[in-house]
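Here's what TrEMBL has on this protein:
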- 45-294: domain 'G-protein coupled receptors family 1 profile' (DOMAIN)
- 29-55: transmembrane segment (TRANSMEM)
- 98-119: transmembrane segment (TRANSMEM)
- 139-165: transmembrane segment (TRANSMEM)
- 209-230: transmembrane segment (TRANSMEM)
- 242-265: transmembrane segment (TRANSMEM)
- 277-296: transmembrane segment (TRANSMEM)
Amino acid sequence: MHISEASNSSGSVSEFILLGFPSRREIQILLCVMFSLIYLLTLLGNAAIICAVWSSRKLHTPMYILLANFSFLEICYVSSDVPKMLANIISQTKSISYAGCLLQFYFFFSMCAAEGYFLSAMSFDRFLAICRPLHYPTIMTYQLCARLVVFCWAGGFLSILMPAVLMSRVPFCGPNVIDHFFCDLGPLLALSCAPVPKTTLTCATVSSLIIFITFLYILGSYTLVLRAVLRVPAGSGRNKAFSTCASHFLVVSLFYGSVMVMYVSPGSRSHPGTQKFVTLFYCMATPFFNPLIYSLRNKDMKDALKKVLCASEISKNTEK
């Protein structure tokens, strides 16, 4: 009700048109099939990690609890915009309501912020495990892990609350066509029928703080971790630590690399084609690759996934 009132008070626009990927009908169908397949594999891959952590007692440790929450976040993250994008590709109207647009904006960027917080928490966990191994069991308790999980989820939603409230007060009088596949910040502000410097500054400040503070913290943590790993004598312990941290840092590089190109690079927002491609990469490709990176480079995770698959096969054969 509050959002619909904002719609009435902010102008005459009651819905937006998301252009998405304008092309011939055959190409749009091909894109829909390809994106649907990636979306389905992303859901399956991240759900498999959650099931593996849940079913294996060996993985009931802070590192894997954080990873399971991160995988659930990826499912929510990719589901905040991809289903609507797929529906609009095959739809003739390609519309989204004013309230739906604001909600999509809020949930997408809340998940994006929470992802940065979870990556920071995971880097903190690896820092303690490798740089402070003797103190790790007493510092990284299940209570602290639970607090970190709550902080990451709550922090993500609370960080974007003020920008979302300010966006609900932006006046939209028309036109209502967004040259994007979801309600992104830049294209929405471009449709405002009056200057909104306070909203623009607040959104830019919040996004910059989240991106740079979390990224610098993660970079500092893994720098210390790398120094500690290089001091360890060559052997299986060193290889395991390096492999685990390499997979974590690869995920960090994929996420922050694409986000910084989108929201920090000065020329990226002026080209809608580049904007769509980069946004598509960090909202679809990153969640798709994460399960592959974590499962292929982690022996414990691979063993747990094999057990989950074997258990499912046994249950199918029993039913037959």
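For all residues, glycine too, the Cβ spot is worked out from N, Cα and C.
Taking residue pairs at least 6 apart in sequence, the transmembrane segment (29-55) and the transmembrane segment (242-265) share fewer than three C-beta contacts under 8 angstroms. Residues 62, 65-66, 69, 73, 102, 105-106, 109-115, 117-118, 121, 124-125, 128-129, 132, 185, 199, 202-203, 206-207, 210 of the same chain lie 6 or more positions beyond the ends of the transmembrane segment (139-165) yet place their CB under 8 Å from a CB of it. Within the chain, the transmembrane segment (98-119) has long-range Cβ neighbours (under 8 A, six or more residues past its boundaries) at 3-4, 6-7, 13-16, 66, 69-70, 73-74, 76-77, 80-81, 84, 151-153, 155-157, 159-161, 163-164, 167-168, 172, 182-185, 188, 207, 210-211, 214-215, 218, 248, 251-252, 255, 259, 283. In the predicted model, the domain 'G-protein coupled receptors family 1 profile' (45-294) shows an average pLDDT of 88.
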